[in-house]
Amino acid sequence: MRGTSRFWSDNAVLGLATGVAGLFNTAYSVLLAHLMGPDNYGRIGALNNLVSLFLLPLPIIGLAAIRVGRQAHQERLMFGISVGLGVFIFLLSLGLSPTLAHTLHVPADLIVLYCSSVILSFAYALYIGYLERARQYGMVGLLLVLASAASVGAVVVSVTWGHRFPIFWLGVWQSVAVVVTFGLAVQLTRRVPMLAPGRLRREVIWTTLGVGTLEALWSFTDVLFAKAHLSTANAGLYTGLSTIGQSLPFLVASLATVMLTAVLDEPHRRRAYLVRTLMATVGLGILFVGILLLFPRLVVELALGRAFVALVPLVQRYSDAMMALSLVLVFATYGVAVGVYRTTAAAGLGTLTWIMLLAGAHTMSALVDRTLIAMVGTLMLVGLTFWTGRGRKSLTHTSTDPIL
């Protein structure tokens, strides 16, 4: 009973914080769309998604921090790896900036500026993971809200004070926000007690690496293909569509994180935590899809503005795809706790198929249709693999060890 109460209270705290952060993220997109229009919105979307591409290992760092926890003999090593990785990727972006500028049709200087935020982003994810492993969701929620609010503030300041070069100033303030939130995360983590040293089985390590990589790919791959295959204006429109659709996986990610830490704390109750998380995901998904089914134009106009009404016919199909992706995310995150690597492999196969399908899509409608087909197919494959393999066994296993 006590564990159940904490499970739901953790979900409530992180869910509320995620919802508030989501509102700020929506405000960020709304302000960009209304104040800069589709062309500049597309350029900023390309820059932000390029940063996301360079941050591909970010979920891996976060999941590893959750899975291992804050251990005295590993914290300094993990911090060094995180910062070193950030510096390496920034230098890589610096070297590739001329080529990327030609491909994405944005100045190389802006690419370097936006990618400077990468340097501390991995270390920030590390400390967020430590807080989540300790189930300090109040602190995590505070950081989420502050980071998203800082993004909105960056837009306002950039447009009002730097109206001649708003994209440049947005990059400056976003990088400053990363430094500030990182410093705060470090201070909050010092209040978290160390965990006893432990060892991880190989299956758990590979599952963590795999799921972390997939989470990064799910969040931005189709937007990058849109930028590569569509006009600047249409790429901006598709970025807006992704902003609306990805709000569901964004919320579900908080549910999955709470489930992961609950299973690690109480492995003997893993079945209950998985079932409850799936039920909550389905409930959120039905609400999300239902709203977009009934009021697609209203949602698009409120979230992005009238310049984006061309998205209305695509919203329903894209939201269906995100519903399927959200369920895949829950199964994949559960696999991190129990080391169900075959489920991760199935999700990876589905994601690879999605990428291959996107490579041949040259219209917004084709991108959406192929995303829907791939995500539904991935969910079916993951569900089948989970039910016929170790995933199902993990639900009935009596051991208190979360690693099977």
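Glycine residues also receive a Cβ, built from the backbone N, Cα and C atoms like all the rest.
What TrEMBL records for this protein:
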TRANSMEM  12-34  transmembrane segment
TRANSMEM  46-65  transmembrane segment
TRANSMEM  77-96  transmembrane segment
TRANSMEM  111-130  transmembrane segment
TRANSMEM  137-161  transmembrane segment
TRANSMEM  167-186  transmembrane segment
TRANSMEM  206-226  transmembrane segment
TRANSMEM  246-264  transmembrane segment
TRANSMEM  273-295  transmembrane segment
TRANSMEM  321-341  transmembrane segment
TRANSMEM  346-365  transmembrane segment
TRANSMEM  371-389  transmembrane segment
Maximum Cβ pairs under 8 Å to the transmembrane segment (273-295) - stretch from the list 46-65, 206-226, 246-264, 321-341, 346-365: 246-264
Cβ-Cβ under 8 Å with the transmembrane segment (167-186): same-chain residues at least 6 beyond its ends: 40, 43-44, 47, 109-110, 113-114, 116-117, 120-121, 123-124, 127-128, 131, 143, 146-147, 150-151, 153-155, 157-158, 161
Segment proximity, the transmembrane segment (371-389) to the transmembrane segment (137-161), 3 or more C-beta pairs under 8 Å: no
Positions whose Cβ lies under 8 angstroms from the transmembrane segment (321-341), at least six residues beyond its ends: 63, 66-67, 201, 203-204, 206-208, 210-211, 214-215, 218, 245-246, 248-249, 252-253, 255-257, 259-260, 263-264, 267, 270, 274, 277-278, 281-282, 284-285, 288-289, 347, 350, 368, 371-372, 374-376, 378-379, 382-383, 386, 389-391, 394, 402-404
Contact check, the transmembrane segment (12-34) vs the transmembrane segment (246-264), 3+ Cβ pairs under 8 Å, seq sep 6+: yes
